[in-house]
Ligand SMILES: *Cc1c(COP(=O)(O)O)cnc(C)c1O
């Protein structure tokens, strides 16, 4: 019996330590980590620059509250706004909290309450973010949901237009749906969506909790589409494993969140900020992002070559180092098989294997992972019923 709530169905692996792309278990077995803590450890486990920043901050101060100025928050906010369409940052402690902040900001700024989001989206587990999530299984048992959310099919602009009414405040989306199955937005759809938002005075909220911080080869994934969102949310990769969340918004929304409107005791915690500053100064560099793009292209090419022709594999897709392998049937049994072989991977929905290696992964590690995936999938036949 464990004293923990059984909220997670855990694999049979107990972690001892981790470094770079490698995780070691308590039996001394090592694994290549192509999950990176669910897209969190973008610089790999215990990256030296992040570790140094944390150690230095430990010697300075850990927490003094947001009653006082924390210069390190200004530095991180400046890095985020210099690399996005936003000008103001609110710091929270997780992805769901960043989205909660975005929902509150959108309602207050527009004095409207409806938000359109997408089927198969994932925005988090608190009441606002859960309601924004377009997946029945995430809502089950927790109703009634927060009012005002409607879910339309992804990449369907007519459905978005049909859902807009006089009470609509915002449209919220992931440009690549992470948890929901690695579904990618079409460029044309995103362009049209941006127009629909402008024409109807709707705020465009892009949830970059999983896709941001260099994951797709740009600081934020929306930057592949040439749009300018009003609100961007970030979390997972932002501090390489130290809990943090951020909402980045345009200057026009600044005064909506005046003193006393919204807050988080731990938001912008100095340790998280020290880690985030080290992450962003390393990740938001052209040559680093270029390498992410190249390694992502290489990973997809190797996968195409090795497993692209297997009948079990129906599609290999993604951007940068966010890659999905869609299979013709349930992949849940493949994950423990890969673990046995020494490779950690994720799933996205029942039929997609999801790879989110650290952005610092080497080509050699990519080759090893592709070989293991190929070994696990070769010989798998499509079941005929
Ligand atoms: C993980 C995730 C969240 C939730 O983040 P938490 O830190 O677990 O609250 C929200 N949106 C997206 C797109 C995510 O991938």
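Using the three backbone atoms N, Cα and C, a Cβ is placed for every residue, glycine included.
Keep in mind that TrEMBL annotations are predicted by a computer and have not been checked by a curator.
Note that the structure is a prediction, hence the values are computed from the model and not measured.
Here TrEMBL has 95, 96, 207, 208, 209, 210, 265 binding pyridoxal 5'-phosphate, and the candidate from 122, 142, 284, 288 in that same listed site is 122.
According to its DSSP assignment, residue 96 (pyridoxal 5'-phosphate binding site) is helical. In this structure, the CA atom of residue 210 (pyridoxal 5'-phosphate binding site) is 15 Å away from the CA atom of residue 125 (N(2)-acetyl-L-ornithine binding site). Residue 207 (pyridoxal 5'-phosphate binding site) has a Cβ environment of 33 other Cβ atoms inside 10 Å. Rounded to a whole number, the C-alpha distance linking residue 207 (pyridoxal 5'-phosphate binding site) with residue 125 (N(2)-acetyl-L-ornithine binding site) is 14 angstrom. Taking the C-alpha positions, the distance from residue 236 (N6-(pyridoxal phosphate)lysine) to residue 209 (pyridoxal 5'-phosphate binding site) comes to 6 Å. The two recorded residues residue 125 (N(2)-acetyl-L-ornithine binding site) and residue 208 (pyridoxal 5'-phosphate binding site) have their Cα atoms spaced 16 Å from each other.
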